[in-house]
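Engineer: Please read through the structure below; I'll follow up with questions.
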Amino acid sequence: MQTKTPIRDLQHIPAALQPLMNALCEVGADLSRTIQRGPLGGALGAEVGANTGGDTQKALDVMADEAFAARLATADVRWFASEEQDSVVELDPKGRFALAIDPLDGSSNIEVNVSIGTIFSIFEAKEDGDASFLRPAHEQLGGGYIIYGPQTMLVVTFGKGTQEYLLDPDSKQFVLTQEAVMVPSSAREFAINASNYRHWSKPIRAYIDDCIAGDEGPREKNFNMRWVASLVAETHRIISRGGVFLYPADSRKGYEKGRLRMVYECAPIAFVIEQAGGSATDAQDRILDKSATELHARTPFVFGSTDKVSRVAAYHDLPEQEVNALFGNRGLFRV
Ligand SMILES: O=P(O)(O)OC[C@H]1O[C@](O)(COP(=O)(O)O)[C@@H](O)[C@@H]1O
Ligand SMILES: [Mg+2]
Ligand SMILES: [Mg+2]
């Protein structure tokens, strides 16, 4: 009898990466169950320490990190880089790949029963651990996320479109549900943590001011706003119904380059979004053309429908007097 693989439909996954992807999904399915059991399995949201970035580590962050590292050690992975570890770890000296991971994204939502996720990025391993990750993001072989929500899903790209899989709770396998995910271009929706308004740069404020001004402003139409505080959940909404996400740089100490991490958050999400027909920038320049300078480096991040991402960049090219103008007087973007 053939044994069941964690992913049922393997046809879009390059053969060399199938062991790695099956390992990721095996742990993802286990985590999904742990998350569903919530407090029945212990205090998943209990604070247990802090990581290199100074973020609080919760029990589930550490549990997820350990589970992925243990399982990936036998999945052809040489270098393992995690949000929860200070530096790159060598798992298998003979492994062909380097994998960067945010084992648990959206930690602040663990206790409140809101969608959280795992984000991962795959490169060919180099001799040096750091050099395997500090390279142009377009060199990724694969990137994606698992979302633990009402449904658990895998969304992934290997450079030939973006595919979506659903974890079937009956068979416990990830089943292919979409072969070519496309970001819809129609949504009038933006996602940003608006509590940071006073810390933003003028172009970001101007862009958001004009969205909020709705049909009375230069855009002459109304917009809706969302903020889940789970990057994976925001990505999944944008992949499903369009819109734009912004986590810009701001003037708070430690947020000079925004909050999100280039290697294991922004690079893989950018890859998934571009392969689904959308765009991803640092507010001006394409993320996939950039390289992280260090493992835990942050970058401003804007992604979603291409027209919206381009418009955010265009606000950065406005003459000073246009950016400063109250929305009612900003002429260049009148539709
Ligand atoms: O609390 P803020 O500043 O709005 O930040 C929310 C962002 O932080 C994150 O939770 C950071 O990820 P982690 O939970 O992996 O640290 C993102 O998922 C989310 O987009
Ligand atoms: Mg994260
Ligand atoms: Mg995390």
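Each residue, glycine too, has its Cβ placed from N, Cα and C.
Pulled the feature table from TrEMBL, pasting it below:
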type	residues	note
BINDING	E83, D102, L104	Mg(2+) 1 binding site
BINDING	D102, D105, E265	Mg(2+) 2 binding site
BINDING	D105, G106, S107, S108, N193	substrate binding site
DOMAIN	15-179	domain 'Fructose-1-6-bisphosphatase class I N-terminal'
DOMAIN	184-316	domain 'Fructose-1-6-bisphosphatase class 1 C-terminal'
Engineer: Among D105, S107, S108, E265, which binding-site residues lie by ligand 2, judged by Cβ under 6 Å to any atom?
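Structural biologist: D105, E265, in sequence order.
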Engineer: Counting Cβ neighbours within 10 Å across all chains shown, tell me which of the binding-site residues S107, S108, N193 comes out on top.
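Structural biologist: Answer by Cβ density within 10 Å: S107.
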Engineer: Which of these binding-site residues (D102, D105, N193) have a C-beta closer than 6 Å to some atom of ligand 3?
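Structural biologist: D102, D105, by Cβ distance under 6 Å.
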Engineer: If you measure from the C-alpha of E265 (Mg(2+) 2 binding site), which of the binding-site residues E83, L104, G106, S107, S108, N193 fall inside 10 Å?
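Structural biologist: E83, listed in sequence order.
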Engineer: In whole Å, note down how far the CA of N193 (substrate binding site) lies from the CA of E83 (Mg(2+) 1 binding site).
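Structural biologist: For E83 (Mg(2+) 1 binding site) versus N193 (substrate binding site), the Cα atoms are 22 Å apart.
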Engineer: Is L104 (Mg(2+) 1 binding site) helix, strand or coil when read with DSSP?
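Structural biologist: SS state of L104 (Mg(2+) 1 binding site) = strand.
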Engineer: For the recorded Mg(2+) 1 site formed by E83, D102, L104, name the remaining residues of the chain with Cβ within 8 Å of the site's Cβ center, in chain order.
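Structural biologist: Those within range, site residues removed, are D61, A64, D65, S82, E84, I101, P103, D105, S107, T118, I119, Y264, E265.
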Engineer: What is the three-state DSSP composition of the domain 'Fructose-1-6-bisphosphatase class 1 C-terminal' (184-316), stated as helix, strand and coil residue counts?
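Structural biologist: Going by DSSP assignments, the domain 'Fructose-1-6-bisphosphatase class 1 C-terminal' (184-316) contains 58 helix, 22 strand, 53 coil.
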Engineer: Taking DSSP three-state, what's E83 (Mg(2+) 1 binding site) in: helix, strand or coil?
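Structural biologist: DSSP assigns E83 (Mg(2+) 1 binding site) to coil.
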Engineer: Give me the sequence-ordered set of same-chain residues, not including D102, D105, E265, with a C-beta within 8 angstroms of the centroid of the Mg(2+) 2 site's C-beta atoms.
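Structural biologist: The surrounding set, listed in chain order, is E83, G106, G117, T118, I119, Y145, L231, V232, L260, R261, Y264.
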Engineer: List the Cα distance (Å, whole number) between S108 (substrate binding site) and D102 (Mg(2+) 1 binding site).
Structural biologist: 14
Engineer: Write down the Cα-Cα distance for N193 (substrate binding site) and L104 (Mg(2+) 1 binding site), rounded and given in Å.
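Structural biologist: Taking the Cα atoms only, L104 (Mg(2+) 1 binding site) lies 20 Å from N193 (substrate binding site).
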